[in-house]
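This is the structure I want to talk about, given as structure tokens.
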Amino acid sequence: MLQSLAGSSCVRLVEQHRSAWCFALLVLGYLLYLVFGAVVFSSVELPYEDLLRQELGKLKQRFLEEHACLSEQQLEQFLMRVLEASNYGVSVLSNASGNWNWDFTSSLFFASTVLSTTGYGHTVPLSDGGKAFCIIYSVIGIPFTLLFLTAVVQRIIVYVTRRPVLYFHIRWGFSKQVVAIIHAMVLGFVTVSCFFLIPAAIFSVLEDDWNFLESFYFCFISLSTIGLGDYVPGEGYNQKFRELYKIGITCYLLMGLIAMLVVLETFCELHELKKFRKLFYVKKDKEEDQVHIMEHDQLSFSSISDQAASMKDDQKANEPFVNSQSPTSNDSSPNN
């Protein structure tokens, strides 16, 4: 008896605070996912880093042995300066001297990465004026870009998602939820093919040092706006048609970002995902809902009464003055 009462009270407690428990599980799952990623990255990349450090140490020691006139301090100062310039996108290598980082096409590519929050980091402003302008440009441009992308996606999704789903639902009588799921899967497959697989194959041909995996990795890192900057197209030695290539990459990034947002919005509109997201949201109290409903009803009733009063005034204004003369005529009739 006591066990059944305790079990029912626990179930009731869980049901009453269901969203809070789901949110706690969500936070715990996210933290575990972060720890899982850290463990995997550390176990995979740490041995490679250790081997690279050992190799660089041996090369440095061999270089100092072959050039006894050069001290270790002078060499480190030179390397520090080279690495600092490399962080700003300026290379000391002779085969990279022909590429400018701040011509018009490169600046256009940089502006697109800033506004889309991709930010590869391979090229950054060098001067104080450039850094100040980048701050002002981003403060205005990023919300402007979000507004632009939202408006474009809202218009595209009507023709790409909602109308096709309604067409198959009304014309052929299929279930709307089933049609929406199949449509989302097909749209996702088409997007992956057009903006990941095919561009990855093209980049693997145009970029000499990239294979298909590295090209696909660049496409995913770019369109997901992660933008690590370890792979940037158009930065090779004597890149053919570099200006046109940079403009094409800029258009690809904008179109791909729009396509990704359309796919995400399509999946977010699925009924199953909406129910799943509601598990973690804070539910509104019934009293607040009733207050909102009463306020809405009061507003609606007041607006209706105002409309009725205005219509009545208009009707009185448009009526002929017949009713005002009728009492006088009625009063004069008995006297006669």
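Glycine too: its Cβ is placed from the backbone N, Cα and C atoms.
According to TrEMBL, the compositional bias 'Polar residues' annotation covers 321-336. Annotated domain 'Potassium channel' per TrEMBL: 94-156, 192-268, in sequence order. What TrEMBL lists as N-linked glycosylation site is Asn95. The region 'Disordered' annotation in TrEMBL covers 306-336. Residues annotated as transmembrane segment in TrEMBL: 21-44, 135-157, 178-203, 215-232, 244-264.
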Which residues of the chain, 6 or more past the ends of the transmembrane segment (244-264), have a CB below 8 A from one of its CBs?
105-106, 108-109, 112-113, 116, 118, 149, 152-153, 156-157, 160-161, 184, 187-188, 191, 194-195, 199, 206, 219, 222-225, 233-234
In the domain 'Potassium channel' (192-268), how many residues does DSSP assign to helix, to strand and to coil?
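Once the DSSP states are binned, the domain 'Potassium channel' (192-268) shows 54 helix, 0 strand, 23 coil.
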